[in-house]
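Okay, so here's the structure we're looking at.
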Protein chains: 2
Amino acid sequence: MEKQINVGMLGFGTVGSGVATMIRENEKQLSQKLGAAVKIKKIAVRNIEKNRDADINGSELTTDINDVIQDDSIQVIVEVMGGIEEAHQAIEKALKASKAVITANKDLMALHGHSLLKLAEEHQADLYYEASVAGGIPIIRTLEDGLASDRISTIMGIVNGTTNYILTKMKEEGWSYEHALKEAQALGFAESDPTSDVEGLDAARKMAILATLAFSMEVYLDDVEVTGMTNITAEDMALAEQFGYSVKMLGFAEKDEDGVDVAVEPVFLRSSHPLAAVRNEYNAVYVYGDAVGETMFYGPGAGSMPTATSVVSDVIAACRNILLGVAGARHIDYVNDRQIKKEDQQHAQFFHRLLVKDKIGVFSSLTDIYGKYEASLSSIIQRPGEAEGEAEVILITHPVSRKNHHKIIEELNGSDVVKSIISQYRVEGGDR
Amino acid sequence: MEKQINVGMLGFGTVGSGVATMIRENEKQLSQKLGAAVKIKKIAVRNIEKNRDADINGSELTTDINDVIQDDSIQVIVEVMGGIEEAHQAIEKALKASKAVITANKDLMALHGHSLLKLAEEHQADLYYEASVAGGIPIIRTLEDGLASDRISTIMGIVNGTTNYILTKMKEEGWSYEHALKEAQALGFAESDPTSDVEGLDAARKMAILATLAFSMEVYLDDVEVTGMTNITAEDMALAEQFGYSVKMLGFAEKDEDGVDVAVEPVFLRSSHPLAAVRNEYNAVYVYGDAVGETMFYGPGAGSMPTATSVVSDVIAACRNILLGVAGARHIDYVNDRQIKKEDQQHAQFFHRLLVKDKIGVFSSLTDIYGKYEASLSSIIQRPGEAEGEAEVILITHPVSRKNHHKIIEELNGSDVVKSIISQYRVEGGDR
């Protein structure tokens, strides 16, 4: 008789039902690949009545998570219920029972990934989480296997589809931020409360996960410097284009001899950069390795079927390990000690747009401030302001520390020649 | 004492020395990841004198390939010597001795991949070949693992850096084909005899390998329909831009219920397509899966260190399998029976630029020809020709079979209203 591996699912929302559909539709292919059948035996749902009509193909429905986790015949647990506490407890129990766990839960992995991966190793279980970052893009395996031999120094990512969709529509269709957000909500990309997307928190979670993996170092959500995108204006986008940039909401994870620097923020990105061509709700992760150089991995960042693709690929990997008797064999020990850069060690270029008094000596007052904090300027342009006696000054700095950048902003705000700081952006891809 | 895995290398050219450098420089990281040291014990070279000064870090040099393959202490063979016959024999011997083999040899894999993979399975050995397609891009693992759960219907690839570099420079710098080719040769992208690149043979080899893997079907080099790029002109590129396309040299591998269709040819690619933004010598592979949708994997297609990255990632995977006792455990049986589409089953859109007689009735003569072979037209534009009594007609067809397309070209050539077919291209991304 053919071997069979039983899978238990926690949650049966859009991703969960996508997973079930894929496993059923590819039944033959899966069993041919693995030499064993894969069957979803039990599914834990909140409401059995609601799911009774769903296409569950012979799986048993239960409202009790433990009913799934404690079933000895189930070797693989797929967690697609979301949320933190309940999911955390469930995954801990499953790992302690040496079951393989597949999760799509980025919130959980960003907060408890380190301890869960340790727990998995202790109990010789696999914990896979490909779907937690950039939905359908196999970026976790790429960092773990494909680029395993290389030393990665930079990751830049468009890892939030909502913000990229909004920025694309603002740029290409001339829509306002509000209009683009509403459209994203109507299309189901953005939540009714978009805070976590537009304030950069969702992207920060993913960047913490990617940084941990790429640099083999414990990186936490709190280490990520986050700036939201709600201040981006159509005017800034037009200005960016004039200078040869595109405005993007980007995640950064960088490592050098001083340590690691992780940030999420609005950026003037050089238009020739591969990430600048990533449009609409698509995600992409750009990886720079010392040996391989520039690479980029592009695809859908969310959605039921793309996310299910990653979950089921993880299920296949976990099943293969079980069948070969090598589950939980991967060492997750971090190669590098935790070393997060302080503000005076983090360097970036910045774009400033200032409204200043149009009088003699303004330029030298300004350049004095930048000079005081060791920020040399790569561009400086003055143009007339809207009102009499005002001028607009646009500056792009060479790399400067974040600490000094904050001080510059502070002094500009206190300066009697500066009426206001209209906008500020990080600048990237300028010198490559 | 720490475990050690001995590696033997066949060949020590640019890629080979890159591999040796990476393994040496990442010694600690590798041993921490694997729980075993990786050491290059022997290197087979053509000329020991020539390599004596190279940084071989204690490896033993030999001119006898068998001296490496038959060394019982060597468990992993890295083939970076290139060529077909000698490499083929060497790999066969190594696999028969149940050693893991890593190869960067696309020519060999395109010709003998099927039989070598079978041989590997018979002898419980791993045969990895990530570096054989698109140098530093981990596309083989992505198809095998990351998208393992999905059904892939289309692969489109910029898998030859030389041709993409030439086309980029023709478009962006206005260089002639000859000038761009010379520059590519000076920079080391193009060989002194560029035939295999510009005639599409190099890309065809890679597409045969990718199609085999993506569709889990035996696909051979001879199945690939190949058209070279030497007829592309600056004028056509400008025309493409006017219509919203970029001219690219693309590989295609497509599968539907009728079978598989693999081609390499010059294409008018819709400028919003992710592949259209791939510039210079970079490679990218676009993969469309039923569930995941659009994905793309971008990076360097060649070069010593990028290619070495893929080779060493394969070495790590092979070593891990050896240490876990699961070498050669992957089933490579093809899921699908071989089914290659005939010319009347292959469909594509085409762009034609014709020089015609400028007289009444020309349009209806032309549309008669297209109509006769079931090609409806999506665009048709007439503009004055250079000489008196001539006109230029530009047509873009809706999808038409290759068989009918050939017949149309034949009839156009025989028609008394058509003076010449100035150019013809496949058109892609028009309707998405």
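Just so it is clear, glycine is given a Cβ too, placed from its N, Cα and C backbone atoms.
All chains included, 26 other C-beta atoms sit within 10 angstroms of the C-beta of A:Lys206 (active site, proton donor). The DSSP secondary structure for A:Lys206 (active site, proton donor) is helix. TrEMBL lists A:Lys206 with the feature active site, proton donor.
For A:Val15 (NADP(+) binding site), other Cβ atoms within 10 Å of its Cβ number 25. Taken from TrEMBL, the feature NADP(+) binding site applies to A:Leu10, A:Gly11, A:Phe12, A:Gly13, A:Thr14, A:Val15, A:Gly16, A:Ser17.
Feature annotation from TrEMBL assigns NADPH binding site to A:Lys106. A:Lys106 (NADPH binding site) falls within a helical segment according to DSSP. Long-range C-beta contacts of A:Lys106 (NADPH binding site), restricted to its own chain and to partners at least six residues apart, with a cutoff below 8 Å, comprise A:Tyr129, A:Ser132, A:Val133, A:Asp202, A:Arg205, A:Lys206, A:Ile209.
Per TrEMBL, the feature L-homoserine binding site maps to A:Glu191. Secondary structure at A:Glu191 (L-homoserine binding site), as computed by DSSP, is coil. Taking a C-beta cut-off of under 8 Å and a sequence gap of six or more, A:Glu191 (L-homoserine binding site) has these contacts in its own chain: A:Gln185, A:Asp197.
Within the model, the domain 'ACT' (A:351-426) carries an average pLDDT of 94. Taken from TrEMBL, the feature domain 'ACT' applies to A:351-426.
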Among A:Gly11, A:Gly13, A:Gly16, which are binding-site residues, the residue with the most C-beta atoms within 10 angstroms of its C-beta: A:Gly16
Any further residue of that chain within 8 Å (Cβ to the Cβ centroid of A:Leu10, A:Gly11, A:Phe12, A:Gly13, A:Thr14, A:Val15, A:Gly16, A:Ser17) of the recorded NADP(+) site: A:Met9, A:Gly18, A:Val19, A:Val80, A:Met81
Cβ packing number for A:Ser17 (NADP(+) binding site), 10 Å threshold: 21
All-chain count of other Cβ atoms within 10 Å of A:Leu10 (NADP(+) binding site): 26
For the domain 'ACT' (A:351-426), residues assigned helix / strand / coil by DSSP: 24 helix, 34 strand, 18 coil
Candidate with the highest Cβ count within 10 Å, taken from the binding-site residues A:Phe12, A:Thr14: A:Phe12
